[in-house]
Amino acid sequence: MTAILERRESESLWGRFCNWITSTENRLYIGWFGVLMIPTLLTATSVFIIAFIAAPPVDIDGIREPVSGSLLYGNNIISGAIIPTSAAIGLHFYPIWEAASVDEWLYNGGPYELIVLHFLLGVACYMGREWELSFRLGMRPWIAVAYSAPVAAATAVFLIYPIGQGSFSDGMPLGISGTFNFMIVFQAEHNILMHPFHMLGVAGVFGGSLFSAMHGSLVTSSLIRETTENESANEGYRFGQEEETYNIVAAHGYFGRLIFQYASFNNSRSLHFFLAAWPVIGIWFTALGISTMAFNLNGFNFNQSVVDSQGRVINTWADIINRANLGMEVMHERNAHNFPLDLAAIEAPSTNG
């Protein structure tokens, strides 16, 4: 015992710091990824809160027409947002010291770039920290793999899409109505609803919600009764107990009779793998779709593809979507474009008579 105490005393300050950082006995695990995660996420969160409350209007389109996004400049929780960095900045790295003054930095939307870049670094480190803690505890690494789906989605809308479009001004605004505006403009310019990767993402999110609700309700409904009929089944259990609290055979039998036998899992591991993989793979595909549409590889275009024997167009749902896309296209950034791209691309009629 004495030798152990002496060895601890002789350990260097750096060694003690390393042991503290990587200790799984801390109430919250820090880890080496946490050393980078904590300051980046604190910075992103602090600047977001300050900018959401008090940032002045931002010249998002680079045409000297600032757009207000903060609460003190007339917005509420729904309409407020951190306005993306100006199109005049493009993809340039724009820290505070690159601007002539803080006022110029705010006018050009510097906070957006600061928040987004720190946030992406922070969530990537959070993913690494999940792996690191799993490694220290001897667990398998799939928690971090599952978290890679939302990380990929955030990276797609905040970094890959602006890179593909040539400006951070095309990134998703950090606010509720700003997110909706981003979605509408994305549909107008890329026809995302007709992209198969987006369809897979919808199936992943809605299917994941359905399977989660089905699984949770089925487990809760098939508890092994440890009590009498006169008291709650909840009284028969204690939090964190080692014994199984529900009967998977009973759940399998119920679900197999409700639908059909092979629609029900009789193996808990394969069931939970399915519950994790379904939404994760769907969101991976959506992030991949956003990242390809960033470079204008857009959704399917079936416009005016059905005609009768006389060559007259028979409108399909695709044509209705196309008309809606044109309407959204001409309305967004209305002062920045003399000719919206979709309309300007049409060949002008001949005037030679």
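Every residue gets a Cβ built from N, Cα and C, even glycine.
Listed ranges 175-196, 197-218; the one Swiss-Prot annotates as transmembrane segment is 197-218. The range from 29-46, 83-100, 317-334 that Swiss-Prot describes as transmembrane segment is residues 29-46. Neighbour list (HIS332 ([CaMn4O5] cluster binding site), Cβ cut-off 8 Å, at least 6 residues apart, same chain): ASN181, ILE184, VAL185, ALA188. Within the chain, the transmembrane segment (142-156) has long-range Cβ neighbours (under 8 A, six or more residues past its boundaries) at 119-120, 123-124, 126-128, 130-131, 134, 276, 279-281, 283-284, 286-288, 290-291, 294.
Between the transmembrane segment (118-133) and the stretches 29-46, 197-218, 274-288, it is 29-46 that has the most C-beta pairs under 8 angstroms. With a cut-off of 8 Å between Cβ atoms, the residues of this chain six or more beyond the transmembrane segment (29-46) that come close are 20-23, 114-116, 118-119, 121-123, 125-126, 128-129, 131-133, 136. Taking Cβ-Cβ distances under 8 Å and a sequence gap of 6 or more within the same chain, the neighbours of SER264 (quinone binding site) are ALA251, HIS252, PHE255, GLY256. Each of the binding-site residues ASP170, GLU189, GLU333 was scored by other CB atoms within 10 A of its CB, and the lowest score goes to GLU333. Listed in sequence order, the residues of the same chain lying 6 or more apart from HIS198 (chlorophyll a PD1 binding site) and placing their CB within less than 8 Å of its CB are ILE192, THR286, GLY289, GLY299.
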